[in-house]
Every structure is written in structure tokens, then in C-alpha cells.
């Protein structure tokens, strides 16, 4: 089969020449990357990444972990609570932006084996999956020292055994390894949105940026609340 072609994006409002050029460039680059990765992209993996980063999967899991964690656990306050709250913030903020911008998804997003694992909305900007995985990675990064202290205070026999066996008992090294893995997952998920044809490059880029800002806002909000 030949490469798919993407028509120029439609807009309900008048578009200035610089904006129109940027949208055409974004459309062409996104289609090129989609076609470039199509012959060798691991489709089951891409669809798995799509599933686990979807709100309907991620939020119930994060909420269950929050509710199951002991109220005295430092990880509950510094990691699990921010993840659950930021997930709700992300849902509202990204949905509002999509309604305001109303950019249509690429026309090749439902082609063949690239059908969505779960139902998706009609709007493309910004990428909700990208914002979600990047706020997760950002919360892990910004809370690194607190997570290290929390793990050091747990004194759980099984956790101690894992640290001694895989990380030589070094909590900092263990947390750094986890954070690196989370960022790798976030980056792979963001790139998969383009490979699957769900989003354009700018959708993913701004979605990732919004995710980082959401993480900063959530952590700052919780920090202020702890002072009250």
C-alpha cells in the first residue's frame, strides 16, 4: 500500500499566513513520521502504551493505590496524592483546551491496525496522553528527594531485600533508576501518539509542556495546603 496522504487541516476561524504555514508544516511532518515508523513500529506495544496512559485506566489505578496506602505513609502524601489530583486537573484542563481549539485529529488515525484501543474524542490539540505521562514523570522528578527519604523510612523487609539485591542498598540509585524508567515510558508514549496517527507533533509537544506545568501547579498547591 502507498503512503497515506493527509489533507490540509480545516479551521473554522480565519488563519493568518504564519499560523497557516506552521499548521501545514506540522501536518506534513506528522504524516512523514507516521509513514516512516509504520513499516517497523511494534503495533501491540504502541496500543499497550495507549491503553495504560488512558485516563480510564490510569486514574482508577492511581486512586486505588492512594486509597490502599497507609495514611501515615510519606509516599501517600508526596507521590500518590499528587498523581491522583493532577490526573483530575489534567482531565479538566486538556478537555477545556480541546473544546476551545477544536483541531481535528489526523484523518489516518483510524486506518487499519491503528484503530484506537479505547474510544477517543474528535479533537487533537493538545494530546491528553502526552500531558498525562509527562505530569507523572515530572511529579516523580520534582519529588525525588522526598521519595528517597520516604523509602529510607519504610524499613520493609521485602523492599530492603530488593534494594540490596538490585541496587546495592542505595535508595538514591534505586529512585534514579525508577525516574529514568518513568521518563522513558513517558517519551515512548508521547512518540507513539504520532506513530499511531492520533496526534500531530505540535499536539504532543504542547501536551508534554502542559503536563510539566500541571505537575508544578499540583505540587505547589499541596505545599501551600500543608502550611495552612
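Cβ coordinates are placed from backbone N, Cα and C, and glycine is handled just like the others.
Feature transmembrane segment, per TrEMBL, maps to range 79-101 of the set 79-101, 102-124, 125-147. Secondary structure of the domain 'Phosphatidic acid phosphatase type 2/haloperoxidase' (79-219) per DSSP, as helix, strand and coil residue counts: 107 helix, 2 strand, 32 coil. Counting residues 6+ beyond its ends, the transmembrane segment (200-222) has Cβ neighbours under 8 Å at 22, 26-27, 29-30, 33, 77, 81-82, 85-86, 89-90, 93-94, 97, 103, 106, 124-139, 142-143, 186, 190-191, 193-194 in the same chain.
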